[in-house]
Each structure stands twice: as C-alpha cells, then as structure tokens.
Amino acid sequence: MARNKIALIGSGMIGGTLAHIAAQKELGDVVLFDIAEGIPEGKGLDIAQSAPVDGYDSRLKGTQDYKDIEGADVCIVTAGVPRKPGMSRDDLVEINLKVMKSVGEGIAKYAPNAFVICITNPLDAMVWALQKFSGLPTNKVVGMAGILDSSRFRMFLAEEFNVSVESVTAFVLGGHGDTMVPSLRYSTVAGVSLPDMVKLGWTTQEKLDAIVDRTRKGGGEIVGLLKTGSAYYAPAASAIQMAESYLKDKKVVVPCAAYLDGEFGVNDRYVGVPIVIGEEGAERILEIEFTEEEKQMFEHSVAAVEDLVEACKKIDPSLA
Ligand code: LMR
C-alpha cells in the first residue's frame with residue numbers, strides 16, 4: 001500500500017509542529033519545504049531522530065525544491081510572515097500575497113491532486129488567492145481558522161463551566177479577524193446551548209460576552225505574549241484534524257474557510273462556515289440558519305473579507 005505524502009509548505013514554528021504531529025500520528029511521510037536553507041532539513045532530521053524513542057515510522061525530508069512535494073496527498077501552507085505585536089493580520093496582505101503566488105504555482109505544478117490547507121494570514125483572503133493562483137478545484141483548497149477559533153472558544157468555555165473541553169462544542173463562523181462570529185446558539189455544553197446555560201444559572205450573559213471578546217482577540221493575545229511571532233500549537237493541531245479527516249475520509253463537521261458559491265448569500269469568496277471534510281475534500285457545506293442579529297454579524301465579517309480580497313486584486317491585477 002502506498003504511503004501518504006504530506007507536504008508542509010513553510011517550515012517555521014507551525015510547519016515544524018505540523019511535521020511532528022503528522023509523523024507521530026503516522027499520517028504519512030512528511031516533506032518540509034522552506035526557502036530558508038537548513039531549517040526544514042534540520043527540523044526534519046530532529047523529528048526523525050525522535051521516532052525510534054516514540055516508535056513511529058514516518059519518513060521526513062527537508063527541502064528548498066518544490067519538486068520534492070511531487071504527488072503530495074495533502075499540502076499544508078504556512079509560508080509567509082506572521083504578525084508581531086501591534087500589527088493586525090491584515091497588515092500582512094501585501095507581503096504574504098506574493099508568497100501565495102509562488103506557493104500556488106508550485107502546488108499546481110507538482111501536487112495538483114492534493115488537498116490544500118492554507119494557514120497563512122490574512123487567512124480568508126490568502127486562501128482565496130491561493131486557490132486562484134493554483135487553479136485547483138475549490139473543494140480541494142480550504143483555509144484553517146474556524147477550528148482554531150472554535151477550539152479557543154471551547155477552551156475558555158470549559159474553564160468557565162469547570163467541565164472537560166471534550167464536553168464543549170462550539171462554532172466560530174465568519175472571517176478569521178476581529179469580526180469573527182462566535183455563535184452562542186450553535187455552541188453547547190453536552191448539547192445544552194449557551195443561552196440555555198445562562199438560563200440554568202451556570203453563567204451570565206456578561207461572562208459569555210467577555211469570553212466571546214477574548215475569543216475574537218485570541219490570536220492577538222498569543223502574539224502579545226510571544227512577542228516574536230504568533231500561535232503555533234493550536235493552529236497546527238487544527239490543521240492536522242483537517243488533514244486526518246481528508247486522508248481517512250472521516251467526514252468531521254468543522255468550521256473552516258470554505259469556498260462559497262452562493263451559500264449564505266456569498267459568491268466567490270472563502271469564509272468560515274461548517275463543512276464536512278472527507279475524501280473529496282470540502283464535501284458539503286452545512287448551511288445553518290441565522291437569527292437577524294447573527295446574520296448582521298456574519299455579513300459584517302464577510303464585508304471585512306471582501307475588503308481584503310479587493311486589496312489583493314489591487315496588489316495583483318491578475319486576480320481581478
Ligand atoms: C491566530 O489566530 O493565532 C493566527 O491567525 C495568528 C495571528 O496572527 O493571530
């Protein structure tokens with residue numbers, strides 16, 4: 001049986017963490033790509049040397065040559081620059097758009113059948129541009145953000161209720177920016193919605209509002225603490241869940257930046273919505289219904305994505 005091949009485009013902190021988790025889970029053989037000579041080779045070798053102790057058989061290779069990603073089943077893209085304290089994700093649009101162009105061309109040439117997961121910020125615009133630059137089918141190119149934002153939301157909620165994180169489900173929808181929409185109605189503790197948890201006296205609306213606000217600023221909180229870059233453990237774990245669901249046809253239902261072709265009233269844009277991930281990639285969109293208030297928040301978030309896409313088109317007219 002052929003082993004799966006996972007190409008990690010970008011070998012910084014998220015790329016290295018992705019390689020480690022993918023190898024430990026034996027999702028396949030791992031290729032770490034980066035333009036910085038020595039980094040992917042060093043990280044690949046280091047992780048490979050932990051394999052005898054941990055007992056896994058993934059092979060790891062570091063490279064600066066796109067040819068080495070040839071035939072990859074999954075490509076996870078973290079290439080580009082992370083933000084620093086004081087910056088917004090949107091400040092990265094110009095510099096990271098250029099990176100998406102060369103990554104898209106590399107994937108189109110060597111791994112046109114891959115399932116592509118984009119992590120580079122500003123996420124919703126970068127995954128849109130990456131799909132255009134690569135020309136891959138829209139169901140095979142998705143953005144990782146909703147799982148990360150929802151995981152942050154779940155963690156904060158579990159802390160508030162003093163329950164296991166496993167008992168908390170959450171959906172954070174919309175764009176991966178300050179306008180994201182953590183949904184109270186579609187988030188639960190063991191199936192009980194958050195408005196009902198307020199009614200049951202387990203929390204207050206004020207506390208939930210503070211958790212929503214902290215979730216929206218979750219990435220910035222980590223950037224402020226790390227000072228030299230942005231989060232990597234939780235983003236890597238989130239992308240691995242997506243890759244695993246694709247490779248094993250698990251069909252998990254998770255919020256991701258998916259291509260909308262009329263769903264939710266949005267056309268030709270990537271926005272965070274619940275999708276099923278299976279062997280066909282983004283197989284199906286769960287088109288949940290919004291209240292009037294939720295609809296307004298979602299539309300506000302889509303408008304922020306729209307602005308970034310327009311900025312991309314101005315920077316690179318080939319996208320217009
Ligand atoms: C995150 O949410 O952790 C990432 O989008 C990185 C960032 O800049 O916040």
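Note: Cβ is positioned from N, Cα and C throughout, glycine not excepted.
Binding of NAD(+) is attributed by TrEMBL to Gly10, Ser11, Gly12, Met13, Ile14, Gly15, Asn96, Ile119, Thr120, Asn121, and within the candidate set Asp29, Asp34, Asp90 the record adds Asp34 to that site. Taken in sequence order, the binding-site residues Gly12, Arg83, Arg89, Arg152 that lie near ligand 1, meaning a CB under 6 Å from one of its atoms, are Arg83, Arg89. Between the CA atoms of Arg89 (substrate binding site) and Ile119 (NAD(+) binding site) there is a gap of 12 Å, rounded to the nearest whole number.
Taking Cα separation as the measure, Arg83 (substrate binding site) is nearest to Asn121 of the recorded positions Gly12, Asp34, Ile119, Asn121, His176. Counting residues per DSSP class in helix, strand and coil order gives 69 helix, 25 strand, 45 coil for the domain 'Lactate/malate dehydrogenase N-terminal' (5-143).
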